[in-house]
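Record features, source TrEMBL:
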- 12-32: transmembrane segment (TRANSMEM)
- 52-76: transmembrane segment (TRANSMEM)
- 96-114: transmembrane segment (TRANSMEM)
- 101-236: domain 'Fatty acid hydroxylase' (DOMAIN)
- 135-154: transmembrane segment (TRANSMEM)
- 160-182: transmembrane segment (TRANSMEM)
Amino acid sequence: MVFWEGYVSDEVMGTFAPIVVYWLYAGFYQLLPPMDNYRLHTRKEEDDKNLVPLGSVVKGVLLQQFFQATVAHLLFLLTCKVTASENVVQPSIPVQIVQIIIAMLVMDTWQYFVHRYMHQNKFLYRHVHSQHHRLVVPYAIGALYNHPLEGLLLDTFGGALSFLVAGMTARTAVIFFCFAVVKTVDDHCGLWLPGNIFHLFFQNNTAYHDIHHQLQGTKFNYSQPFFPVWDKLLGTYMPYRLVKRPEGGFEARLMKD
């Protein structure tokens with residue numbers, strides 16, 4: 001039993017809930033006060049280094065989410081095996097947990113190799129992936145600011161593949177997709193807040209991904225959004241240390257050999 005049962009289908013929730021969750025969670029970060037004592041970059045750095053205005057970022061994210069919703073709708077149409085009058089038998093909670101873990105690993109694998117290739121292929125980096133790196137100082141609303149082709153290949157197809165390989169129902173997919181969105185937004189929030197559960201349970205977190213956005217770190221820490229496994233296995237892992245700035249906040253510094 002879920003709160004939307006009887007109001008909208010699982011397929012509709014799976015299509016639109018991640019978009020709503022994105023704007024709610026990213027909007028929460030956007031509406032916070034300056035939080036200078038917890039920022040990984042100063043507000044001046046954000047203004048000076050970022051190469052795209054907020055309005056363009058919002059438009060880019062909305063465009064990606066349009067394609068995301070379209071693919072999700074088609075995916076659910078193709079995989080739905082029951083009629084509107086029938087009920088889908090939901091797996092047990094332990095099975096759903098295993099499916100979500102499988103989906104996390106599939107998504108990480110897909111995104112690592114596609115993401116890394118977009119850095120190694122000069123044409124793709126220059127004409128596609130560099131759009132995301134125009135935000136040298138990441139912030140929450142810009143988490144899905146990508147070239148439309150990258151958004152389709154990296155995020156949308158990666159999510160679809162995770163759903164299919166894990167064999168989850170649309171209801172389980174609602175939970176997984178919303179969790180993945182929240183994690184992605186948090187990784188780009190630019191804040192090192194005390195008690196953030198993602199910082200406590202995930203080594204691949206806000207500071208980890210901030211290293212990748214720094215100019216000297218773009219060839220490292222490709223893994224996203226959950227675990228740093230592929231970075232560690234394939235030699236692209238870059239450890240860091242958090243240094244407290246005298247004027248407030250933190251700096252994620254690369255720890256090169």
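Don't overthink the numbers, they just go from 1 along the chain as shown.
Even glycines carry a Cβ here, placed using N, Cα and C.
Model, not experiment: these values are computed from the prediction.
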Recorded stretches the transmembrane segment (12-32) and the transmembrane segment (96-114) touching, at least 3 CB pairs under 8 Å:
no
Most Cβ pairs under 8 Å with the transmembrane segment (52-76), selected from 96-114, 135-154, 160-182:
135-154
How many of the residues that make up the domain 'Fatty acid hydroxylase' (101-236) does DSSP mark as helix, as strand and as coil?
95 helix, 1 strand, 40 coil
Sequence-remote partners of the transmembrane segment (96-114) [C-beta within less than 8 Å, at least six residues beyond its ends]:
90, 153-155, 157-159, 161-163, 165-168, 172, 175-176, 179-180, 222-227, 229-231
